[in-house]
Structures are given as C-alpha cells and as structure tokens.
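Accompanying notes for the structure given below.
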Amino acid sequence: MAHYRNDYKKNDEVEFVRTGYGKDMIKVLHIQRDGKYHSIKEVATSVQLTLSSKKDYLHGDNSDVIPTDTIKNTVNVLAKFKGIKSIETFAVTICEHFLSSFKHVIRAQVYVEEVPWKRFEKNGVKHVHAFIYTPTGTHFCEVEQIRNGPPVIHSGIKDLKVLKTTQSGFEGFIKDQFTTLPEVKDRCFATQVYCKWRYHQGRDVDFEATWDTVRSIVLQKFAGPYDKGEYSPSVQKTLYDIQVLTLGQVPEIEDMEISLPNIHYLNIDMSKMGLINKEEVLLPLDNPYGRITGTVKRKLTSRL
C-alpha cells in the first residue's frame, strides 16, 4: 500500500521547472478611421507572464501578482493607443509593456490570432468600410521575450484547407502482414495546413507582406501550375518543397515547421447496385487521418 506524506508546506525535494499565468482569448476589434475609409483588425490575444518570485505558489502571497483582469484591460488600452498595424508588432508591444512596467516580470509570452476579414471589392474598387469573413487561412503569431533579451517572433498559418483531385500518388512503401493499403498513382490530396516560422532577430520585417508571401508559396507548391498542376509522390515531398522554396525566397525566416494531415476521400463502392463508381463520388473521412510533420532550419553556412 502506498504511503503519502503531508509535510509539503516547505519541501526541498521538488523545484519549479516553469511557471506562468495570464489571460487567454482577449478579443478586440480595432477600427482605424481615415475619413470615410475604415480599416479593421479583429484579434484574439493570450498573455502569459512569469514573475521573479514564486511566493504566490509557495505561500499564497499575491503581493506580486498583476491580476489577469488588469492584463485584459492593458491589452485593450494598448490597442486603443498603439493600434494594431500587424499582429506581430502588437504582440511585441504587449511584451515590452509588461517588461518595462513591472521589474519583477522576467518573461512575457503573447499569442495573437487574427480573424480573417477581407475588404469588399468589385471590379477593382475597394469598399470604404465593408468586410467579408474569408476563412482561407488564419494568421497567428507567438512572441516571447525575457528581461534584457530581444523578442523571439514566430508567425504562422493555420486552418488553410486545400484539395486537389489528381496529380498525387503514394507508392513504394513498406508492406507487411498488416498492410491492406494498395499502391495508387492517382488520388485526391486534401489537407489542412499548419505552418509556423521563426524570424531572424537582426532583420527588419514587413510581417503582413511576409505572411502573404508564405501563404502564396504554400498554395503554389501544393497546386502547381494552373494549367496542369504538379505531381506529389508523397505528402512529405510536398511539405519539404514548401519549406525549401520559402527559405529560399524569404531571407527573414530562420526556421519553419509544417504539419499536414492527410485527409482521406474514399471511393464509394456502388457494385451492389450494379454501378461502377470511377472515383466520381467520394466519401470524406474525418478520421482517422495521417499526419506528416517536418521542421527545417538554415544551415550555419547559409547565414554567412
């Protein structure tokens, strides 16, 4: 029978690995009005702070704790006075505020996710104040800064759903007694892209333009030329091609992580009804699904 001790009020046998607290999902819509022309940024922000002391954990002493409600209010006020030019600059502003305002804050971490609003446009004319929700990839960022250190900035894309109906296959894989999957030269390829990249600390970055560039590269390597496509022998190859092209075209990026679920569409068997279904009617299969991941970084020699 296990025996449990009750004398952990002051214990020398355990130590903290990491601590933090904060406020998640602080939602803000910021409107910038330039006459009748309006611009918007809707974001959800999460903030985590690490303090120099642990007395709130050890003794229930809250004298160093910045209330999470104060953190929420601070984010709202910073949005008002600083605006949201990009979610990355907004996240850096939040980190710098808490580190400069409170000497006992030793680390600030901020996650910001942008709601994908797009301005109405018709025949090349942009509407002055109307927007449409366009879920074709969500822009997010993660910024971490420790006291006396530079901010480490990651940007990313998630929830970018793409599908092509041909120019994909999967052959030459290992087959054992449990393998039932047939080789296929032509199949549907569908995925929901998640990718995240880290910026070089010593470079000025146009975050909005860089995000647009990376998204365009992802779509380009997935789809290929518009008139004929591009063959993908595996999800892994497509993933790697995206990374190589991105680091080749965007010098501001140091490393890149991508996760691609392989979302299956299965041919529906209609033989019992006397019909031959030639990959015309498919069953979308939510799960289970394969998931392929990879992270690449620049070699040291490529930075010189």
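From the backbone N, Cα and C atoms, a Cβ is placed for every residue, glycine too.
Straight from Swiss-Prot, the features:
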- Lys10: N6-succinyllysine (MOD_RES)
- Lys23: active site, charge relay system (ACT_SITE)
- Lys27: N6-acetyllysine (MOD_RES)
- Lys36: N6-acetyllysine (MOD_RES)
- Ser39: phosphoserine (MOD_RES)
- Thr68: active site, charge relay system (ACT_SITE)
- Thr68, Asp69, Phe170, Arg187, Val235, Gln236, Asn262: urate binding site (BINDING)
- Lys118: N6-acetyllysine (MOD_RES)
- Lys122: N6-acetyllysine (MOD_RES)
- Lys175: N6-acetyllysine (MOD_RES)
- Lys185: N6-acetyllysine (MOD_RES)
- Lys221: N6-acetyllysine (MOD_RES)
- Ser232: phosphoserine (MOD_RES)
- His264: active site, charge relay system (ACT_SITE)
- Lys278: N6-acetyllysine (MOD_RES)
- Tyr289: phosphotyrosine (MOD_RES)
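Annotated features taken from Swiss-Prot, shown on the structure.
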residue	record	Cβ contacts under 8 Å, 6 or more apart
Lys23	active site, charge relay system	Ser46, Val47, Thr68, Asp69, Ile71, Lys72, Val75
Lys118	N6-acetyllysine	Phe131, Ile132, Tyr133, Thr134
Lys122	N6-acetyllysine	none
Phe170	urate binding site	Leu181, Glu183, Val184, Arg187, Pro233, Ser234
Lys175	N6-acetyllysine	none
Lys185	N6-acetyllysine	Gly169, Glu171
Gln236	urate binding site	Ile292, Gly294
Asn262	urate binding site	Phe189, Ala190, Thr191, Val235, Tyr289, Gly290, Arg291, Ile292
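Our reading of the urate binding annotation (Thr68, Asp69, Phe170, Arg187, Val235, Gln236, Asn262) yields a largest Cα to Cα distance of 52 angstrom. Around Ser232 (phosphoserine), the same-chain residues at least 6 positions away in sequence with a Cβ under 8 Å from its Cβ are Gln167, Ser168, Gly169, Phe189, Phe222, Thr238.
When Cβ neighbours within 10 Å are tallied across all protein chains shown, the highest count among the recorded positions Lys27, Lys36, Lys221, His264, Lys278 belongs to Lys221. In this structure the alpha carbons, written CA, of Lys36 (N6-acetyllysine) and Lys27 (N6-acetyllysine) are 25 Å apart. Sequence-distant neighbours of Ser39 (phosphoserine) (same chain, 6+ residues apart, CB-CB distance under 8 A): Ile31, Gln32. Of all the recorded positions in the record (Lys27, His264, Lys278), the one with the smallest CA separation from Lys221 (N6-acetyllysine) is His264.
The two recorded residues Lys27 (N6-acetyllysine) and Lys278 (N6-acetyllysine) have their Cα atoms spaced 48 Å from each other. Taking the Cβ of Thr68 (active site, charge relay system) as centre and 10 Å as the limit, one finds 15 other Cβ atoms among all the protein chains shown.
Its Cβ taken as reference, Asp69 (urate binding site) is surrounded by 9 other Cβ atoms within 10 Å in the chains shown. The recorded positions in question are Arg187, Val235, Tyr289, and the one with the fewest Cβ neighbours inside 10 Å is Tyr289.
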